[in-house]
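**Q** Pulled these from TrEMBL:
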type   : residues : note
SIGNAL : 1-20     : signal peptide
DOMAIN : 45-124   : domain 'Cadherin'
DOMAIN : 125-233  : domain 'Cadherin'
REGION : 130-156  : region 'Disordered'
DOMAIN : 234-338  : domain 'Cadherin'
Amino acid sequence: RRQIFLLLGLLLVAWETTRGQLRYSVPEEMPKGSFVGDVAKDLGFQILELSDRGMRILNKGRTQYFALHGKTGHLVTAERIDREQLCRMVEKCVLRCELIVEGQMQVYGIEVEITDINDNAPSFRETQKDLRLSETTAPGSRFPLAEAHDPDSGRNSLQRYELSGDEHFSLAVQAGPGGDQRPELVLAKALDREEAAFHELLLRAMDGGDPARTGTARIRVTVLDANDNAPVFSQAEYTVRVPEDVPVGSTLVTVMAKDTDEGLNGQVKYSIHKTSDRASELFYLDSETGEITVKEDLDFEEISSHELEVQAHDGGELSDIAKVVITVTDVNDNVPKISVRSALNEISEDVPPETVVALLHVQDRDSGANGDVHCSLGGDVPFRLEKSFDDYY
């Protein structure tokens with residue numbers, strides 16, 4: 001009888017990982033402790049079973065975004081979640097975690113979609129733009145304006161622009177290659193410096209929320225005398241590939257534009273017309289030479305591609321825009337990490353074969369061949385290693 005009880009006890013601790021996937025969604029910015037999903041109910045567990053099963057949540061990444069309420073089996077938020085901070089430039093924001101059921105030694109994957117709320121208003125990087133235009137500028141001429149940025153998604157993101165001012169100017173909005181809206185100031189009526197030396201305009205950017213949020217930028221137009229040639233870049237798009245371990249201070253690419261005018265009207269200077277906040281921290285553009293250099297260490301695992309729009313402008317404020325694409329390539333700079341998610345402290349010498357004794361997790365943050373991990377057991381031991389769920393063995 002004692003041997004029978006011992007065998008039954010061993011069978012209870014013998015465990016296997018099973019494939020499973022739970023999916024939930026929750027709005028961003030919910031307070032800590034907000035309900036996400038009833039994990040126990042969805043897995044068919046009774047409330048009285050929860051303490052015996054020993055369930056716990058493992059969040060992928062450094063931050064603990066979700067926790068399991070031990071008494072109810074509810075998945076709740078462990079932190080206030082900012083969708084725009086977590087999923088910049090990603091349409092669908094999904095966080096993943098894992099549920100470990102120690103009593104049965106099972107693991108379940110959990111996906112939580114973070115849905116957007118209209119918590120950001122469109123904003124301009126520069127709220128004041130000064131334009132200097134010749135009074136001989138032909139009606140119909142167009143001048144690119146700074147685009148507004150709204151980190152929200154869908155209808156809550158930037159939807160339209162409006163311009164108010166006077167009859168000399170109107171607004172046109174062009175569609176960029178990625179579907180973004182690019183506002184342009186259009187000269188609708190010939191300028192006359194003797195009639196008006198300055199024009200004050202207001203550009204509004206609005207999102208589609210209810211109620212809508214609005215950002216504004218003021219445009220001051222100074223009327224001058226003539227500059228009839230704009231700078232022209234040597235190419236419309238510059239592309240460069242660079243390893244993530246490139247030294248800080250390295251020159252990645254040099255953009256170049258020429259202006260056939262003479263004097264001040266032919267002197268070209270460069271500036272960043274559009275970029276992400278992170279790219280502005282990583283790269284430096286020399287306004288005189290057009291050299292783009294590295295300001296901070298690059299990290300392929302953080303961001304693998306950067307896009308910048310560089311503007312070349314002369315002394316008369318005529319300009320051209322070129323796109324710069326910087327692709328960061330992976331370097332094998334991360335070592336594989338092995339962690340024990342769960343393990344038996346001891347087993348009997350007559351434990352049946354196929355009994356699982358430990359649940360291991362391996363991860364390498366590199367990509368491609370640099371991130372492929374091969375696991376094996378060393379030495380002559382009476383165990384074998386078997387892959388179970390994703391990166392679990």
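Using the three backbone atoms N, Cα and C, a Cβ is placed for every residue, glycine included.
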**Q** Could you pull the average pLDDT for the domain 'Cadherin' (125-233)?
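**A** Reported value for the domain 'Cadherin' (125-233) is a mean pLDDT of 91.
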**Q** Looking only at the domain 'Cadherin' (234-338), how are its residues distributed among DSSP helix, strand and coil?
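**A** Tallying H, G and I as helix, E and B as strand, the rest coil: 10 helix, 48 strand, 47 coil.
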**Q** Quick check on the region 'Disordered' (130-156): DSSP residue counts for helix, strand, coil, in that order please.
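**A** Helix/strand/coil tally for the region 'Disordered' (130-156): 3 helix, 10 strand, 14 coil.
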